[in-house]
Amino acid sequence: MVTRLALNGATGRMGTTVRDAAGAREALSAVLGVAPEADGELVVTPTERRDALVAHDVDVVVDFSTAKAVPALAQDCADAEVALVSGTTGLGDSALDAIEAASAEIPVVHARNFSQGIVALRRALDAALDAVGDYDIEVAETHHRGKQDAPSGTATTLVETVTDHRTVETVNGRAGTHVRGETEVGVHSRRAGNVRGEHEVMLADNDEVLRLCHRAEDRSVFAAGALTAADWLAGRDPGRYDIEDVLTGNEDDSDSQ
Ligand SMILES: NC(=O)C1=CN([C@@H]2O[C@H](COP(=O)(O)OP(=O)(O)OC[C@H]3O[C@@H](n4cnc5c(N)ncnc54)[C@H](OP(=O)(O)O)[C@@H]3O)[C@@H](O)[C@H]2O)C=CC1
Ligand SMILES: O=C(O)C1=N[C@H](C(=O)O)C[C@H](O)C1
């Protein structure tokens, strides 16, 4: 059976990449786009979205848009009983609450990075943190000049992985006169060119430095992960799932209802 997709943020960098990647998969079909400026019969505006999801018999919405758009999107998906895969980053409390509320009605995957390499990096970081003592940790990320949110969602997730191991105080950038505190984790953001996404976690002690790095060279790696999630999510029970659930097929760790 073909899973019918709607792409929220259809005209953006990721929306167009996901559309092209979906076209190459037999099991998926992108039947609708949503963007602020509707530009054809298959692209509707956010106010038309809920009715269009029902009319086009959509199974899953794949969302790469903007944080402000997420609360209304999550509500529309719940109302239309359509599953949601969202990769949008920089979400504040209202968007996170809206995703949580929607997940009582529909299945939802939200991931700040859909690449397999970042899943592997998180696992490697977990293992490294088990192996080293209280090494100093700094996180750095570089993205294209068009990225709006900083630090990146992935950098935030990497700091959360550190938080699973120890109490930390996040310092976004460093300026002025200040000696590094023992619990600090510095997070550093650069914006330049068309860099797709680079992340590095540095773990350092006296006389040794361990670096864990990932570089996305094409947005297709994010699109592939999001489409795998869409395929996996269609027809599941309501609940909140994560990218580890998708890649391992593990449902024990989800909080599905
Ligand atoms: N999880 C992951 O693996 C990845 C996540 N991302 C995240 O995805 C998001 C989008 O990134 P990117 O594609 O580069 O950004 P773009 O700015 O290129 O695309 C965002 C699109 O969303 C549209 N949009 C704005 N408001 C709405 C709305 N209310 N409803 C529907 N669409 C809307 C914009 O339209 P307009 O321009 O007309 O305003 C734009 O076309 C970011 O948060 C980014 O961090 C990116 C890559 C990978
Ligand atoms: O905006 C982007 O481009 C990306 N955003 C995500 C993030 O904020 O972590 C994921 C990826 O690095 C690309």
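Cβ atoms here come from the backbone N, Cα and C positions, even for glycine.
Where the annotation comes from TrEMBL, it is an automatic prediction and has not been curated.
Just so it is clear, the model here is predicted, and its values are computed rather than measured.
Per TrEMBL, domain 'Dihydrodipicolinate reductase N-terminal' is recorded for 4-114. Per TrEMBL, the feature NAD(+) binding site maps to GLY9, ALA10, THR11, GLY12, ARG13, MET14, GLY87, THR88, THR89, ALA111, ARG112, ASN113, PHE114. Feature annotation from TrEMBL assigns domain 'Dihydrodipicolinate reductase C-terminal' to 117-247. Taken from TrEMBL, the feature active site, proton donor/acceptor applies to HIS143. Residues or ranges marked as (S)-2,3,4,5-tetrahydrodipicolinate binding site in TrEMBL: HIS144, GLY153, THR154. Taken from TrEMBL, the feature active site, proton donor covers LYS147.
For GLY153 ((S)-2,3,4,5-tetrahydrodipicolinate binding site), the nearest neighbour among the recorded positions THR11, ARG13, GLY87, THR89, HIS143, judged by Cα separation, is THR89. Neighbour density for THR89 (NAD(+) binding site): within 10 A of its CB lie 23 other CB atoms from the protein chains shown.
Between the CA atoms of LYS147 (active site, proton donor) and THR11 (NAD(+) binding site) there is a gap of 15 Å, rounded to the nearest whole number.
A distance of 17 Å separates the Cα atom of PHE114 (NAD(+) binding site) from that of HIS144 ((S)-2,3,4,5-tetrahydrodipicolinate binding site).
Contact annotation for recorded positions (GLY9, THR89, ARG112, HIS143) versus ligand 2: THR89, ARG112, HIS143, each with CB under 6 Å from a ligand atom. On the backbone, the CA of THR89 (NAD(+) binding site) and the CA of THR154 ((S)-2,3,4,5-tetrahydrodipicolinate binding site) stand 8 Å apart.
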